[in-house]
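Remarks on the structure that follows.
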Amino acid sequence: MPLSYQHFRKLLLLDDEAGPLEDELPRLADEGLNRRVAEDLNLGNLNVSIPWTHKVGNFTGLYSSTVPVFNPEWQTPSFPHIHLQEDIINRCQQYVGPLTVNEKRRLKLIMPARFYPNLTKYLPLDKGIKPYYPEHAVNHYFKTRHYLHTLWKAGILYKRETTRSASFCGSPYSWEQELQHGRLVFQTSTRHGDESFCSQSSGILSRSPFGPCVRSQLKQSRLGLQPQQGSLAKGKSGQSGSIRARVHPTTLQSFGVEPSGSGHIDNGASSTSSCLLQSAVRKTAYSHLSTFKRQSSSGHAVELHNLPPNSARSQSERPIFPCWWLQFRNSKPCSDYCLSHIVNLLEDWGPCTEHGEHHIRIPRTPARVTGGVFLVDKNPHNTAESRLVVDFSQFSRGNYRVSWPKFAVPNLQSLTNLLSSNLSWLSLDVSAAFYHIPLHPAAMPHLLVGSSGLSRYVARLSSNSRIFNHQHGTLQNLHDSCSRNLYVSLLLLYKTFGRKLHLYSHPIILGFRKIPMGVGLSPFLLAQFTSAICSVVRRAFPHCLAFSYMDDVVLGAKSVQHLESLFTAVTNFLLSLGIHLNPNKTKRWGYSLNFMGYVIGCYGSLPQSHIIQKIKECFRKLPVNRPIDWKVCQRIVGLLGFAAPFTQCGYPALLPLYACIQSKQAFIFSPTYKAFLCQQYMNLYPVARQRPGLCQVFADATPTGWGLVMGHQRMRGTFVAPLPIHTAELLAACFARSRSGANILGTDNSVVLARKYTSFPWLLGCAANWILRGTSFVYVPSALNPADDPSRGRLGLYRPLLHLPFRPTTGRTSLYAVSPSVPSHLPDRVHFASPLHVAWKPP
């Protein structure tokens with residue numbers, strides 16, 4: 001007869017009328033019983049012949065094709081001009097005094113951030129914008145291009161101008177080497193004023209491996225300046241700039257852009273204005289160097305007198321193609337839907353390309369992309385605005401994947417210990433948090449996005465015309481792309497974008513200037529950044545709590561008035577660092593803080609209501625006695641696992657589901673198991689904060705017996721059959737809790753200490769979780785454990801009781817500078833250390 005739910009509850013000792021714990025609990029560790037219950041609940045039956053169910057409510061398989069919906073009305077969000085101050089460390093120090101080592105290290109990490117992949121795969125430009133919405137291809141193309149353009153205008157992207165130069169908008173940082181009229185302009189690290197140098201575009205910035213005497217001669221040539229020799233001095237009349245003594249070699253070396261192989265910047269300015277010497281003079285300039293070979297960072301030996309001449313390079317770089325868009329103006333319309341009708345709507349279509357306010361030199365960047373982009377809804381609640389998804393998954397896959405750094409994510413207990421209090425809370429919204437953190441230009445060649453231009457994009461979609469590079473723009477295939485669909489789409493888009501259609505129809509390659517969201521490095525850097533900032537804020541305002549996880553920053557203070565003044569001060573401080581806050585999205589929570597999916601109040605933490613709703617919905621739609629695909633089970637476990645700490649039996653209750661996912665088998669919910677889970681999740685108990693205290697109850701066990709010490713009372717008992725040591729220790733802890741009612745227990749077993757009950761027999765894990773809920777454990781070394789003797793059957797020997805203080809931990813939750821505790825209303829009594837305690841040291 002199948003096990004009824006009532007009987008199952010009784011078995012797990014969840015009801016009060018169970019017999020004495022010492023008899024009942026060890027039975028749950030019995031393998032035979034666990035197996036019989038599993039069979040009764042149909043948990044072990046993994047080989048099913050009925051077809052699997054692949055959808056439960058909203059949950060589909062993990063790699064489900066949930067088709068994103070294209071919205072033709074999408075607005076591109078606006079981005080403020082975000083410029084994080086470069087001297088952020090100094091500004092923080094002015095505000096709060098010297099920073100701790102931790103804070104400094106974290107802030108240096110992001111100023112600028114660097115990215116070193118092992119290998120970068122370059123994809124053709126056609127793959128730049130993903131054909132994610134085949135029905136709305138053209139519309140999606142222009143919306144995505146507009147989004148990229150917006151990011152470039154906001155200073156978040158670089159635009160690749162040539163192989164070795166890029167332009168951007170916004171304020172430059174000192175590590176971005178400016179080119180003006182083809183010259184390098186060096187900003188010194190102190191930023192007193194710009195030093196402008198005349199560059200001879202040698203493009204080699206590797207560390208020079210010579211002795212000091214040659215090195216001083218070379219210093220200028222390494223930066224592309226002429227070595228000062230008699231023969232040259234005559235040749236360089238009227239050249240601007242000279243090296244002043246103020247530029248230290250360290251600042252010159254710190255532009256860590258190290259191109260592999262020789263090359264130079266093709267600077268797009270005419271060669272007269274870039275004050276290049278004649279090649280004859282250049283040969284003399286380098287003749288004294290030709291004996292050396294200089295090693296560049298990638299290990300190629302570079303001969304310095306071998307530089308390609310400027311003119312030949314620029315011709316090979318820029319094929320002279322007429323503009324595809326403007327060509328339609330002079331051609332005869334091929335039909336009613338010819339693009340020439342649209343092109344003739346305007347006299348002035350504006351320039352073919354736009355250039356940024358600043359030009360900088362970059363490492364060699366090919367005309368390729370390294371990741372595709374597409375648009376989706378900004379979030380489930382905001383479908384009016386779009387969000388750009390960048391797929392840089394190549395860096396986290398395959399043999400050359402980058403192993404991203406790990407960082408601490410606060411767990412539930414740490415979070416509750418830290419934030420569960422009677423403070424008033426508000427949360428700040430950092431707008432476009434990722435785009436605050438600047439990336440070094442050396443990362444640009446690895447993080448490229450872009451598009452191949454409208455003509456290629458359309459041709460690729462309508463696959464009847466293959467465009468090869470050499471036919472590009474010839475008249476016979478100019479009209480191949482004309483079609484009714486394209487005509488109608490462009491006519492509608494003309495209303496939105498006007499003459500920008502021309503600009504957006506050109507190919508473009510953009511690299512990231514701020515960290516992109518699609519790379520595993522970014523969340524790590526963001527977490528380091530916000531936690532360091534919060535650490536500074538906590539020290540600046542001792543009686544408040546500031547805490548952050550990623551871009552979610554919360555502030556807590558004793559009273560609402562205190563909180564408001566704190567809010568003003570912190571906002572001004574963050575703005576002075578260049579951090580952009582979104583004032584409309586500041587939320588005031590009162591005494592119960594909503595953070596990371598939890599509601600945290602003085603009683604402890606609970607899941608937010610929308611998660612509880614989702615769980616109810618999930619149980620409503622959960623089919624009984626039907627095999628459910630294990631990928632759907634993954635989704636269900638993800639949802640239930642989040643709320644598991646708030647239930648009686650916790651994670652152990654989900655163990656059968658975990659087992660089926662691990663074996664990649666379908667799972668069948670029996671009515672009893674479903675009713676059990678349902679009941680578990682209908683009554684949620686808050687996770688309370690742990691309080692400091694003294695440990696006075698100790699438990700210990702051997703495979704055959706257990707022992708407890710409660711104050712001066714001692715107890716011992718034996719097991720019917722020998723048990724594995726971890727199981728015995730867990731039973732001893734349960735007995736100690738139920739006998740003494742104490743919520744701080746001393747144990748010498750690391751598995752019990754970790755409160756992970758998922759490795760024990762299933763029924764025992766579930767029961768123990770409920771008995772030990774809210775218990776804190778203190779580690780006692782076996783040699784000092786007072787319960788060691790009773791567990792071995794010796795009640796006569798007394799070990800002195802230890803005074804073991806328990807201090808709740810906040811884990812590694814980014815509290816680098818611990819904020820002083822909020823003062824209670826009564827001042828503590830002053831404690832004078834006795835001179836004996838201080839002065840006397842044991843021999």
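Placement of Cβ uses the backbone N, Cα and C atoms for every residue, glycine included.
Fair warning: this is a prediction, and the values are worked out from it, not measured in the lab.
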Further Mg(2+) ligand in Swiss-Prot, beside D551, D552, within candidate set D391, D429, D700: D429
Local backbone state of D552 (Mg(2+) binding site), from DSSP in three classes: strand
Close in space, distant in sequence - D429 (Mg(2+) binding site), Cβ under 8 Å, 6 or more apart: D551, L581, N582, K585, T586, K587
Number of Cβ atoms other than its own within 10 Å, given for D552 (Mg(2+) binding site): 16
Residues close to Mg(2+) site centre defined by D429, D551, D552, Cβ within 8 Å: S427, L428, V430, A433, S548, M550, V553
Secondary structure at D429 (Mg(2+) binding site), reduced by DSSP to three states: strand
